[in-house]
Amino acid sequence: MLRSTALGVVGTVLLVAASPAVAGFLGLDSAAPVTVVAVAIGVELVLTANQGTMQGLQRFGALGAFKVAQAAVKLALGVALVLAGLRLYGAFAAVALGSAVVLLASTGYLLRSLGRPSAAASRFRYRRAYRYVVPAAIAGFCLTVPANADVVVVKHFFPAVDAGHYAAASVLGKVLLFLPMGISTALFPKVTADHAAARSDRLHALFDRALAYAALVAAAGAAGFWLLAEDLLALAYGPEYVAAAPLVRWYGLAIAAVVLAVVVLNFELARDRTGYVYLFALGSVAELALIWAHHATLIRVAQIVLVANAVLFAVGFAAVKLDLDLDPTRLTTALSTFINDR
């Protein structure tokens, strides 16, 4: 917890220092909104320690309850602060305050459930965990790119109206991520436990079930977006956003590909196959580069997200089914062994 707090403080300081540059990139008149978001991100970094603990202990009921509570508190505070006259700043502040409230509540829950750290806990070899930090952080970056980074690039290149349409499609698209991400959340500790216990017979069965459930939800959501795009936009944002319906159709397909790729990413990370994590990171960077270079239309941007994540899923799925470790060192060793055997 203390280490996560230190990381959150450092992250907040760095983001606050970079807020003028970020505001300039986004075309904002003031850096204040970026600063408020930086504080919210810092609180979220600390909160991930509690969420990760509950996930690792497979206390999914408590984890889900706190996530629902976090969303509810953010919404309630956001409405209250906006009505109080704080407008945009109130909405952003509600994000930080809502996360802070849940951070305190979840910390109390864990202290009551687990008790104070014991002497054995103080002797925990953190170096064993630290080697996992880099691939886990990269995986976090990989999740951020399809969910948020494309919106930032669109905000930079497109007029405000077009950027607003893309942001609306992105928010709707995130709805498709919620349930499948819950599947990945449950998959991770179960795969880790079976991998540590050398129960390889169950690993692929877990993967197949998680992928099937996620694919079912993603396909149903994408079909709903394709068939009901106008109705969803009118219901969520009003008739002035109905013009974004063609974009929403493609964005739904893109998010479906993201969902499948993320299931593979979590599965490989859980069993310490970090080669795919690095490959996914390269794919995410390539996705951003393609959006930067080929952003002729909003639909083209959504199509780039779709193709990039479909390719990442296909490669990862093949690696899982063929039991290939995409770590460069291990690949080289395997290739050398194959050549020598021939």
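Note that the numbers count up from 1, one per residue, in the order the chain is shown.
Glycine is no exception: its Cβ is also placed from the backbone N, Cα and C atoms.
Per TrEMBL, the feature transmembrane segment maps to 30-48, 60-83, 89-111, 132-154, 166-189, 210-229, 249-269, 276-295, 301-320.
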So, does the transmembrane segment (249-269) come close enough to the transmembrane segment (301-320) to give 3+ Cβ pairs below 8 Å, pairs being at least 6 apart in sequence?
yes
Excluding the flanking five residues on each side, which residues at least 6 beyond the ends of the transmembrane segment (89-111) place their CB within less than 8 Å of a CB in that stretch?
1, 32-33, 36-37, 39-40, 43-44, 46-47, 50-51, 53-54, 62, 66, 69-71, 73-75, 77-78, 80-82
For the transmembrane segment (276-295), could you work out the same-chain residues 6 or more beyond its ends whose Cβ comes under 8 Å from its Cβ atoms?
135, 138-139, 141-142, 145-146, 149-150, 153-154, 157-158, 261, 264-265, 268-269, 301, 304-305, 308-309, 311-312, 315-316, 319, 326
For the transmembrane segment (249-269), give me same-chain residues lying six or more residues beyond its boundaries with a C-beta closer than 8 angstroms to one of its C-beta atoms, as numbers and ranges.
135-136, 139, 142-143, 146-147, 169-170, 172-174, 176-177, 180-181, 183-184, 187-188, 191, 206-207, 210-211, 214-215, 217-219, 221-222, 224-226, 229, 275-277, 280, 299, 302-303, 305-306, 309-310, 312-313, 316-317, 319-320
